[in-house]
Structures are given as C-alpha cells and as structure tokens.
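J.: From TrEMBL, here are the annotated features:
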DOMAIN    11-454  domain 'Major facilitator superfamily (MFS) profile'
TRANSMEM  7-24  transmembrane segment
TRANSMEM  56-80  transmembrane segment
TRANSMEM  92-112  transmembrane segment
TRANSMEM  118-139  transmembrane segment
TRANSMEM  151-170  transmembrane segment
TRANSMEM  182-203  transmembrane segment
TRANSMEM  334-353  transmembrane segment
TRANSMEM  365-388  transmembrane segment
TRANSMEM  400-424  transmembrane segment
TRANSMEM  430-450  transmembrane segment
Amino acid sequence: QLQNKILILTICAAGIGGTFQYGYNISIINAPASYIQAFMNTTWLERTGAPLESNVILLLWSFTVSAYPLGGLTGAVVAGPMAIMLGRKMSLLLNNVFVIIAAALSGFSRMAKSFEMIMLSRFFTGINAGVSMNIQPMYLAESAPKKLRGAVALTSASFTALGLVLGQVVGLRELLGGEESWPFLLASNVVPALIQLTALPWFPESPRYLLIDRGDKESCISALQKLRGTSDLSAELEEMLAEQAAVKGQRAKNPWELFQNPSLRWQLVSIVVLSSAMQLCGNDSMYFYAAYVFQEAGIPRDKIPYVVIGTGSCELITSVTCNMIIDYAGRRPLLLGGYIFMAGWAIVFMVALSQQTQISWMPYLSMACIFAYILSFGIGPAGVTGVLPTEVFDQMSRPAAYMICGSLLWFNLFLVGTAFPFIVKSLAHFCYIPFLVVCVCTALYVGFFLPETKGKSFLEISEEFKKRNFKTKTRAGFYKGPEEIKTTTL
C-alpha cells in the first residue's frame, strides 16, 4: 500500500508543475482578454499621445495569444535534449524556471506600463508547457509497472483537464478575473511551480533512464524499490536488462534519424497521424464556440462563464474515467470510439448550427453537441495520444519521438488558432467539415493500422512493429546478427 502511495504522490508531484500548467495557462488568458486589450490601448496612448486603431489592438492581442504555442514549440524542441542530458526528473524541476520568469513578467507588466512584458511572459509560459507535455508522460510511463503503465501515463491528460477547469474557476470575476486583479491572475501560475519545486525532489528518477541511459544499476534498483517496495523486482529488472542489451552501443537518436530508419516507419506514421489529429480534430475550437452557443440558448451573458466551466469539467470527468479503464479496455478501442463519436457529433452540430434561428430547440441541441464532443475527445484521443510514443518507441528513440510529437502538437495548435476564424468566415455553419474529415480519417487509420499495446512489454511492442515494418522484406539485407541466424533454414 505504501508503495502505491509513493507512485501516486510521484504522479501528483510531476503533474502539478507539469501538464497542469498547460491546461491552466490556456484557460487563464480568456477571462482578462478585454482588460488586457484596454491596457494595451491606454499604454500606447500614454506613450505616443494617440490611441491604437481597433484592428491594431486585435493584431497585438493575436500576437499575445500566439506567443504561447510558439513558446510551446520551442519547449517541445528543447525537451528531447533536456530529457537525455539532465534526466526526466531534473528536466521537470528546471522547467519551473521558465514559469517563474513568466510570472514575474506578467505580474509587474501593469506597474512597468509594458504590454510587451505580457507577450514575453506568454512565450516563457509556452516553453514550460512544451517541455512538460513531452517529459511528464515519458517520466511517468517509465516509472510505472507494466500493468498500470497506461493509467499512470494518462494522468498527464487528467492534470491538463484539471488545470483547464481551475483556470476557468480562478478567472471568474469574483476571484482574479476582475479589472484590478488580472496581473495577479496571469502570475498565479507560479503557485503550481513552487509546489513542484518543493515536492518532486523527494521522489525517484525514472528507473529505466537510470539503467538504460546512465548504466547505473544500483540507482535503478533503489528507485524501483522506492516505487515498488519489497515485492519481487527480478522480472521487471530482467525486462529492463533485456531492453538495455537490445540498445547496447546505441546513443540517443535525433528526430531526423527516426525518419531515416526503416525499422521505425509505422511507429513514426502512427504518432504523426495521432499527434496531428489531436489538435486538428476541432476540440479546442468547441471552446471557441461555447460562449456563442450558450448565448443563443438564452443563457444570460453574465452567467456564461459558469456554464463554460461545465465544458472544462466534462473533459476532466472523462479523462479520469479513461484513466480507470485504459488498462482494461486497451488503447485502440478508446481511440477508435473517441474519433467515431466525434465525427458523429460534428455532423449533428453543423445541422444544429444551420437551423439555430429556424427551430426554437436547436440551440439546446448545439449545447448538447458541445458537451458530447468534448466528452468523446476526453474518453480517448485526449489521453491515449500522449501515452503511445512511450510505448511504441525504445529508450533511445523515445525523447526524439516526443520532440516530433510535441512539435506537431504545438504547430497544429497554432495553425488551428490562426485558421479557425477564417474557416468560420468562409464556411459559416459548416465550419466543422475539415474537423469531420480529420476524425473520419484518423478513425480509419486506427482501425486498420494501429496494433494494441495494452499489457505488453516495450520489447514485445517493438517486435510487433518490426513484423509490420519488414513485412515484405525478407532479404538478407536486414541481417541483424546471430539471433536471426538461428531461424534461417539453409
């Protein structure tokens, strides 16, 4: 029991300063939007004596918002080298420096009469989120026992959803979302960072990293004992030593080496498809629509922020549910079900939007669609996507795989954020057609090409992909040494 407690506490210590920050920082920027825009205008007026035009304010605001995914992209790129050189735990701890800088910049921005500080602060916050989105699932999946690996790595998604909801709550007018308190709201992300800096040093580094990357068997055994207690560690240690032997003499790979390696082809295609689909499926755009749909449904404008908290809570509830069932249901059914349901709800949502003004009960159907869409996303794609790179790549390829995953995630977040207003303008009520196509194509890919990884060791998963990658190639060109000679018939 104590050991389970240590694993749970490790998860919490990693999560609170990790992916929690990603969700929290996405949602705290929404509440003070109008106040920050007014601040930009008054600051400019004081500096130059002339007010800003409304389209310039909008441009400055979009710079502020897009600084976050830009920072995230930077964070995703530096996360790989950080994880290799500093280790998983140390990287998470150092990552808090970015948030502390960001909190100082945004907290003092009004005092310094500088809106540029807010933009810079969002960039640093993005770097922090980019690093933690890559390293936290890697750290947790490598520290978890095989039978709990999916559930433990999936807590990253639960912490993101928790951050999202807490950000929405703290951003309410009654708390820190008022005109006077918005600098404190933007600087409040320093609290989770300080909690992590106090808690995480007490917990062990990833045992896999210690053994396979560092070759430090003693530290690995002591980390395993902390995490698993006195239970028999021989089977788990044997599996790790087998993986260590399999990658012996190799060094950590760079992202471009993964693209050149034919033995990683299907793994790479799988994570590229799923990481891109996670942002291109339109879930974040549902939040964009939420306020408009709720208004149409007759909810008073001042009550809308409270209903929007309901949408965030939906994602939190489903990601916690997904946590409980992932190691029973498996990865494929959750992904497949999630994307199929999302495709269905996208169709209903577009029909409901187009009939919004004609039929009196349609706004309520749109409202139900928003909740259903977010629930479908939370049950599968939201969490499982982050678990897969850990499972389908070996220890030497994993950091590079997460760099590719993270870069795609942030680039597509930026792409959707920039393109969505134009999609709405040109397609009006049918703006969900591109997202519908993405959901259908991803569901087909998962259905036909993605193997199940539930309950398998990392080596077994590698073997399964090896069969796929070399299905048609039995030529002698792929000679791998004595292991294969045994099975060659002369």
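Placed from the backbone N, Cα and C atoms, the Cβ positions cover glycine too.
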J.: Any contact between the transmembrane segment (7-24) and the transmembrane segment (182-203), i.e. 3 or more CB pairs below 8 Å with pairs at least 6 residues apart?
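T.: The transmembrane segment (182-203) and the transmembrane segment (7-24): touching, yes.
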J.: What stretch in 92-112, 365-388, 400-424, 430-450 has the biggest tally of Cβ pairs under 8 Å against the transmembrane segment (334-353)?
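T.: Per the Cβ count, the answer is 365-388.
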J.: Using Cβ atoms and a strict cutoff of less than 8 Å, what residues sit near the transmembrane segment (365-388) while being 6 or more residues removed from its termini?
T.: 133, 137, 141, 149-150, 153-154, 156-158, 160-161, 270-271, 274-275, 277-278, 281-283, 286, 289-290, 293-294, 296-297, 310-311, 314-319, 321-323, 326, 331, 334-339, 341-342, 345-346, 348-349, 352-353, 356, 442, 453
J.: By a Cβ-Cβ criterion of under 8 Å, what residues six or more beyond either terminus of the transmembrane segment (430-450) are in contact with it?
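T.: Apart from its flanks, the transmembrane segment (430-450) reaches 266, 269-270, 273-274, 277, 280-282, 285, 331-332, 335-336, 339-340, 342-343, 346-347, 349-350, 354, 381, 420, 423-424.
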J.: Which listed stretch (56-80, 92-112, 118-139, 151-170, 400-424) has the most C-beta pairs under 8 A with the transmembrane segment (182-203)?
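T.: Looking at each of 56-80, 92-112, 118-139, 151-170, 400-424 in turn, the most contacts to the transmembrane segment (182-203) are made by 92-112.
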J.: Hey, would you say the transmembrane segment (56-80) packs against the transmembrane segment (151-170), going by three or more CB pairs under 8 A that are 6+ residues apart?
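T.: Counting Cβ pairs under 8 Å, fewer than 3, so no.
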J.: Sequence-remote contacts (6 or more beyond its ends) of the transmembrane segment (400-424), Cβ cut-off under 8 Å?
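T.: Residues 62, 65-66, 69-70, 72-73, 75-77, 79-80, 83, 126, 130, 133-135, 137-138, 252-255, 257-258, 267-268, 271-272, 275-276, 278-280, 282, 284-285, 288, 389, 392-393, 431, 434 contact the transmembrane segment (400-424) from elsewhere in the chain.
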